[in-house]
Amino acid sequence: MPSMLVIATTAVPDHLRGALSRWTSEVVPGIFVGTVSARVRDQLWQAVTETVGNGAAVLVHPAPTEQGYAIRTAGTRRRVPIDFDGLTLIRMTATPQVKSEQSPP
Amino acid sequence: MLPRVADSLSFLYLDMVRVVQDDTGVCAQIQTPDHRTDLVYIPTAALSCLLLGPGVSITTPALTTLARHGTSVVCVGAGGVRAYAAVLPDSLTTNWLEQQVATWADPARRLDVAIRMYGMRFQDDKLPQTVTLDQLRGMEGQRMKALYKILAQQHGIGRFRRNYHPDQWHAQDPVNLALSAANTCLYGIVHAALLALGVSPALGFVHAGTQHAFVYDIADLYKAEITLPLAFALHQSTNPEQEARRRFREDLRLLRLLPRIVQDVLALLTPARTDAPGADADTESRSERRDVEMVHLWDPKAGVLPAGVNYASGGD
């Protein structure tokens, strides 16, 4: 049973974008939307995780959770999905406070 | 109202954070060990119940936003062990509250609801017509004992005794810990459902004397089916409390508990259809009218009269 997926990518190699666009539409730069089977979804995501390099990517797809969807991430970003006893929310990691560590002017 | 309560996410448990309203929404600020502050935004409008554990501070604007979205906020102990207090959402119809109070205050109707509750717990309709509440309590006790025994046998536990000792929390066995954690989640969900309907959690039909009497009444309907099997399944868990909450959430999805609670509460509060057949339709249309008009005047003879009307007779 195919279901919809959304993959958002940042700074990934061009050949990965090519691979993704074979299965999905790039509706705005870096955002891929498509309807594929769970098997194709897993293989696409494996391709993403292997080639993500210094970039980052996130996959959102329907899942039988209370929220109705699941999130998978690759690479590092400031936004990290965290699990609250089964509910997935996004934790925004703060940037290091460089200013406070500097001496006052 | 109804579908919104039932459709929303069940609950979110937070502890050791500061909850604030910022420019974009309500967020939990998490202090990291290296003095940074991470942010987690809370889906307030999609959430039916927010459980605040120890170490949470929350600002008034954040509470206001939660109240505006009809999210009930419940203050709980560590891991949701106890429910201490709740914030009631505003702007609700009082139709079901009035129904509840009328039923509760009439001894015959109250007894009828209590008997129907025990009937729902037994899951069979073989109750004799003339059963007393006293006999029903005895039957219920026997059922629970038998259920403990069966579940203990199924999971290879020698003997099970239900203990509840908040003062010696960690000395308890995993089944008791998991059961307390799961029951508290259940109370939270039931409490949230009751508040969302606008009925009083304090006016119970079987339980009495606590602000959560009706919560305990309704939660008891589901314990044998939901929290007990779950707790026994966790008898070897190393973290039974968290595991119980996680599994409980899975079960919530499977059992679609919130809509069921709402349905069951409404069914219990609706009088049995023995009187005039038009009575229900009348209640229905009245509740719809109330949703639109919000405030009415009570009259012992004429029933509900529109508010905001000058009823002075004569003069100019």
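Here the Cβ of each residue, glycine as well, is placed from N, Cα and C on the backbone.
Residues or ranges marked as Mn(2+) binding site in TrEMBL: B:GLU140, B:HIS207, B:ASP220. According to DSSP, B:GLU140 (Mn(2+) binding site) sits within a helical segment.
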For the Mn(2+) site built from B:GLU140, B:HIS207, B:ASP220, further residues of that chain with CB within 8 A of the site's CB center: B:MET117, B:TYR118, B:ARG121, B:VAL206, B:TYR216, B:ASP217
Among B:GLU140, B:ASP220, which are binding-site residues, the residue with the most C-beta atoms within 10 angstroms of its C-beta: B:ASP220
